[in-house]
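Annotated in Swiss-Prot:
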{"type": "ACT_SITE", "residues": "His363", "note": "active site, proton acceptor"}
{"type": "BINDING", "residues": "9-12, Lys23, Gln74, 79-80, 101-103, Gly138, Glu154, Asn169, Asn227, Arg333, Lys351, Tyr366, Asn377", "note": "UDP-N-acetyl-alpha-D-glucosamine binding site"}
{"type": "BINDING", "residues": "Asp103, Asn227", "note": "Mg(2+) binding site"}
{"type": "BINDING", "residues": "Ala380, Asn386, Tyr387, Ser405, Ala423, Arg440", "note": "acetyl-CoA binding site"}
{"type": "REGION", "residues": "1-229", "note": "region 'Pyrophosphorylase'"}
{"type": "REGION", "residues": "230-250", "note": "region 'Linker'"}
{"type": "REGION", "residues": "251-460", "note": "region 'N-acetyltransferase'"}
Amino acid sequence: MSKLNIVVLAAGLGKRMYSALPKVLHPLAGKPLLVHVLDTARALAPHTTCVIYGHGGETVPQTIADESLIWVPQIPQLGTGHAVMQALPHIEKEGITLILYGDVPLTSVETLKKLIAMAGKQTLGLLTVELPDPAGYGRIVRHSETGEVAAIVEEKDASESQRSIGEINTGIMAVPNRYLHGWLCKLENNNAQGEYYLTDIVAMAVKDGVKVATANPAYVWETTGVNSKVQLAGLERIYQTAQANKLLEQGVALADPARIDIRGKLSCGRDVMIDINCIFEGDVQLDDGVKVGAHTILKDVRVAADSVIAPFSLIEAAEIGRNCRIGPYARIRPGTRLEDEVHIGNFVEVKNSALAAGSKANHLSYIGDAVVGRSVNIGAGTITCNYDGANKYQTIIEDDVFVGSDTQLIAPVRVARGSTIGAGSTITRDTPPDMLTLSRAKQLSIDGWKRPVKKPKPKN
């Protein structure tokens, strides 16, 4: 098999994006457009991947920061042909070069493999699509007798008859390296744009007797580029719809497939149910029977079987055990591990803590930097006071502890097995096991006490 070189053109300005951010760094499904393209390129196992950048300067390579890539600036930007010229020192004399675009994020690996398979030492492969309205795109001109590709004519240089052609060039092509060097050197810029068009090498291929083969993607949107926020939003919906359909085909129950956002990888077991307006970021795994309530955000989370995440919960970088109950309005922060049958209720925040099986914090509490044993009850309003303004400290709550409401645990502190903490206590020292511990001021009732009376407002 011929060595594969990939060149990604990512130097465009993106004027219609109306943004200081380089176009290829705008996010789709939570990651930059260019990263989508590079992930696809990586799946093809190329010998080299060269990225041509320009507008935005070093912002693009600094943001991506991938040492396996070859970054080459294009200054000034004089067209697609000129862009590929910049990569020539990094392209071998033999093999195939696949040309991709940093603002065309959804081309599938399968489509590109099909295109690459068509290309060879004597064949140039083009990815084309038929559009009902081809305005603005380069047209594929074929010989009237043989049907073979003769040339690609850009919109601004096309005749009236050529503009009626519905087959358009997507820009994605696989070119034999043995010809690429020579063809690029012959490019001229005597066109309406004054640019060096990469598409002109197609006519050169025909002239040199190199076959020009065409392939089509499974879906037209695989070759759709982004030039505006409108197009970006449209591709976002296309991507999310495709992801939702995959989940449905796997047996996941979605309350509304149009109202789910996947910004990473979502893996689901059997009988998983997802309500509306949920967002999944990073690597999320939902095991069998998990139910996710509406308006929930999960990021880099594993949720074990039969657990329920109630609406409006936020969980990130955490591990949730079997048959847990989370929320509504719960926040679980990074470093948290909940074992089986743990309950975290409304307006409870847990950070960098481990809760053993059967423990509960059902209302209005903060558990930070804590280790909580089995079958512990955390009363409403309990706070682990873990920060002294400079350092964080750990709270340890052993098995079978009952913590009364409105308790402050001043870390570092240990609550021993079987302890009961009276409501309203501030615990500053370790507690003994199997005893009631409380710290309160003595309750007083003052006879004859009068409430303050508001002073009358002065008259104007």
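Even glycines carry a Cβ here, placed using N, Cα and C.
The structure, with features from Swiss-Prot marked on it.
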{"residue": "Leu9", "record": "UDP-N-acetyl-alpha-D-glucosamine binding site", "Cβ contacts under 8 Å, 6 or more apart": "Ile52, Thr80, Ala83, Val84, Ile99, Leu100, Tyr101, Gly102"}
{"residue": "Gly12", "record": "UDP-N-acetyl-alpha-D-glucosamine binding site", "Cβ contacts under 8 Å, 6 or more apart": "Lys23, Val24, Gly54, His55, Gln77, Gly102, Asp103"}
{"residue": "Glu154", "record": "UDP-N-acetyl-alpha-D-glucosamine binding site", "Cβ contacts under 8 Å, 6 or more apart": "Gly138, Asn191, Ala192, Gln193, Tyr197, Thr199"}
{"residue": "Asn227", "record": "Mg(2+) binding site", "Cβ contacts under 8 Å, 6 or more apart": "Gly14, Arg16, Met17, Lys23, Asp103"}
{"residue": "Arg333", "record": "UDP-N-acetyl-alpha-D-glucosamine binding site", "Cβ contacts under 8 Å, 6 or more apart": "Glu316, Ala317, Ala318, Glu349, Val350, Lys351, Asn352"}
{"residue": "Asn377", "record": "UDP-N-acetyl-alpha-D-glucosamine binding site", "Cβ contacts under 8 Å, 6 or more apart": "Ser359, Lys360, Val401, Phe402, Val403"}
{"residue": "Asn386", "record": "acetyl-CoA binding site", "Cβ contacts under 8 Å, 6 or more apart": "Gly368, Asp369, Ala370, Lys392, Tyr393, Gln394, Thr395, Ala411"}
{"residue": "Arg440", "record": "acetyl-CoA binding site", "Cβ contacts under 8 Å, 6 or more apart": "Gly422, Gly424, Ser425"}
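Tertiary neighbourhood of the region 'Linker' (230-250): same-chain residues 17, 26, 28-29, 105-106, 221, 224, 257-258, 260-262, 266, 268, 274, selected by CB-CB distance under 8 Å and a gap of 6+ residues from either end. Looking only at other Cβ atoms within 10 Å, the busiest spot among the binding-site residues Ala380, Ala423 turns out to be Ala380. In this structure, Ala380 (acetyl-CoA binding site) belongs to neither helix nor strand by DSSP; it is coil.
Ranked by how many other Cβ atoms sit within 10 Å of their Cβ, the binding-site residues Gly79, Gly102 place Gly79 at the bottom. Every protein chain shown contributes to the tally, and the Cβ of Tyr387 (acetyl-CoA binding site) ends up with 12 other Cβ atoms within 10 Å. For the acetyl-CoA site, whose annotated binding residues are Ala380, Asn386, Tyr387, Ser405, Ala423, Arg440, the maximal Cα to Cα separation is 23 Å. For the pair Gly79 (UDP-N-acetyl-alpha-D-glucosamine binding site) and Ser405 (acetyl-CoA binding site), the Cα-Cα distance reads 68 Å. Its Cβ placed at the centre, Asp103 (Mg(2+) binding site) has 25 other Cβ atoms within 10 Å. Residue counts for the region 'Linker' (230-250) by DSSP state, with H, G and I taken as helix and E and B as strand, are 20 helix, 0 strand, 1 coil.
Ala423 (acetyl-CoA binding site) sits 14 Å from the residue listed as 'active site, proton acceptor', counting Cα to Cα. Ala380 (acetyl-CoA binding site) sits 5 Å from the residue listed as 'active site, proton acceptor', taking the Cα positions as reference.
On the backbone, the CA of Tyr387 (acetyl-CoA binding site) and the CA of the residue listed as 'active site, proton acceptor' stand 21 Å apart. DSSP gives Asn227 (Mg(2+) binding site) a coil state; it is part of no helix or strand.
Over all protein chains present, the Cβ of the residue listed as 'active site, proton acceptor' has 15 other Cβ atoms lying within 10 Å. Taking a C-beta cut-off of under 8 angstroms and a sequence separation of 6 or more, Ser405 (acetyl-CoA binding site) has the following same-chain neighbours: Gly379, Ala380, Gly381, Thr382, Ala423, Gly424.
Along the region 'Linker' (230-250), the predicted structure has mean pLDDT 98.
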